[in-house]
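**Student:** Relevant sequence annotations retrieved from TrEMBL are reproduced here:
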- 5-99: domain 'Pyrroline-5-carboxylate reductase catalytic N-terminal' (DOMAIN)
- ILE9, GLY10, GLY11, GLY12, ASN13, LEU14, ALA70, LEU71, LYS72, PRO73: NADP(+) binding site (BINDING)
- ASN57: NADPH binding site (BINDING)
- 161-261: domain 'Pyrroline-5-carboxylate reductase dimerisation' (DOMAIN)
Amino acid sequence: MSAKKIAIIGGGNLGSAIAQGLVKSGFSQPSDITVTKRNTSTLADLKAAGVQVETDNAKAIRQSEVIVVALKPYNVREVLQQLKGDLDPAKHILISVVTGVSIADLSHIVPGMPVVRAMPNTAIAIQESITCICAANASEEQLRYVKTMFDQLGATVSIDEKLMDAATVLGACGIAFALRFIRANIQGGIEIGFDVRTASLIAAQTVKGAAELLIRENRHPEEEIDKVTTPKGCTIAGLNEMEHQGFSSSLIKGISTSYNKIVKG
Ligand SMILES: NC(=O)C1=CN([C@@H]2O[C@H](COP(=O)(O)OP(=O)(O)OC[C@H]3O[C@@H](n4cnc5c(N)ncnc54)[C@H](OP(=O)(O)O)[C@@H]3O)[C@@H](O)[C@H]2O)C=CC1
Ligand SMILES: O=C(O)[C@@H]1CCC=N1
């Protein structure tokens, strides 16, 4: 368990998910976490779990050592400018999960602060995130702490900052892409006879199983696909029709479009 007190500035979708994961994992005592936002009514569940809920960012920062910034990209500059006087490079470490805001940008807003960028996804709420991490001006010890924290909340990978936008697309947006794939499977499953609950369970568990084959067994997807595609069988017939309709191509184009949205605006 972490002895450090953690402030999460911006308790929206991701900020709340991080708090949930920190509580569930036992990494932090609920009372050592403070989550801020202007309208705190949406944080009732976290409050009931013992997490401190605040509208006052400065107060949250003063009573914490680790500051997780989970604001919308367009809010970061203004909010951090206001909090500059409360941030102490000797006491605090800043972890930004904000999309598209570089360590250089952050260091420009709050000079001298140790900054780590992290890119988790919403599965962090259930300790199943993949979190990409990069640091330019944090100490080895601070970086170790951040990695340990996110290791409790899923898996981590250290990357160069130049790959952070790509990490956002593949890991963070990727949850939505995967869920849309599952939804399409559910819709197909209903069309061929299943009720929605059964179709959802089969579709979700099947995707989980496929992912586990890659993660646990370190296999290439095509190696596993070869085991399923009986010659002249129904799998290859369905798979080829999906490819004729642009399945892989649409996913690759979607990933590329998502990436360009971050880098070109
Ligand atoms: N959602 C995701 O899956 C992921 C998001 N990200 C990044 O994380 C960041 C947050 O995204 P997301 O959680 O989706 O966005 P949300 O809009 O859900 O969360 C941002 C929160 O910030 C709060 N906020 C706004 N102004 C202030 C302020 N002055 N002080 C304190 N809190 C404030 C808002 O609440 P209120 O209006 O009540 O103040 C809001 O709940 C973004 O930069 C996003 O790109 C990264 C990876 C994944
Ligand atoms: O859609 C977005 O812009 C954010 C970044 C990653 C996930 N959600």
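Just so it is clear, glycine is given a Cβ too, placed from its N, Cα and C backbone atoms.
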**Student:** Just how many other Cβ atoms lie inside 10 Å of the Cβ on LYS72 (NADP(+) binding site)?
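**Tutor:** Its Cβ shell of radius 10 Å holds 11 other Cβ atoms.
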**Student:** Hey, what's the widest CA-to-CA gap across ILE9, GLY10, GLY11, GLY12, ASN13, LEU14, ALA70, LEU71, LYS72, PRO73, the NADP(+) contacts in the record, in Å?
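**Tutor:** With ILE9, GLY10, GLY11, GLY12, ASN13, LEU14, ALA70, LEU71, LYS72, PRO73 as the binding residues for NADP(+), the largest Cα distance is 14 Å.
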**Student:** Check the DSSP secondary structure of ASN57 (NADPH binding site), expressed as helix, strand or coil.
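**Tutor:** It is helical.
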**Student:** Considering only the binding-site residues ILE9, ASN13, LYS72, which fall within 10 Å of ASN57 (NADPH binding site) when distances are taken between Cα atoms?
**Tutor:** ILE9
**Student:** Test of understanding: give the count of other CB atoms lying within 10 angstroms of the CB of ASN13 (NADP(+) binding site).
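**Tutor:** Counting Cβ neighbours of ASN13 (NADP(+) binding site) within 10 Å gives 11.
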**Student:** Only counting partners 6 or more residues apart, tell me which same-chain residues put their Cβ under 8 Å from the Cβ of ILE9 (NADP(+) binding site).
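**Tutor:** Listed in sequence order: GLY15, THR36, ASN57, ALA60, ILE61, ILE67, VAL68, VAL69, ALA70, LEU71, VAL79, LEU83.
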**Student:** List every residue in the same chain as GLY11 (NADP(+) binding site), at least 6 positions away in sequence, whose Cβ is under 8 Å from its Cβ.
**Tutor:** ALA19, VAL35, THR36, LYS37, THR40, THR42, LEU43, LEU46, VAL53, ALA70
**Student:** Quick one: DSSP breakdown of the domain 'Pyrroline-5-carboxylate reductase catalytic N-terminal' (5-99) into helix, strand and coil?
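**Tutor:** Across the domain 'Pyrroline-5-carboxylate reductase catalytic N-terminal' (5-99), the residues distribute as 45 helix, 19 strand, 31 coil.
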**Student:** Taking helix as H, G and I and strand as E and B in DSSP, count the residues of the domain 'Pyrroline-5-carboxylate reductase dimerisation' (161-261) in helix, strand and coil.
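**Tutor:** With helix first, then strand, then coil, the domain 'Pyrroline-5-carboxylate reductase dimerisation' (161-261) has 87 helix, 0 strand, 14 coil.
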**Student:** Within 10 Å of the Cβ of the residue listed as 'NADPH binding site', how many other Cβ atoms can you find? Include all protein chains, please.
**Tutor:** 23
**Student:** If you draw a 10 Å sphere around the Cβ of ALA70 (NADP(+) binding site), how many other Cβ atoms fall inside it, taking every protein chain shown into account?
**Tutor:** 25
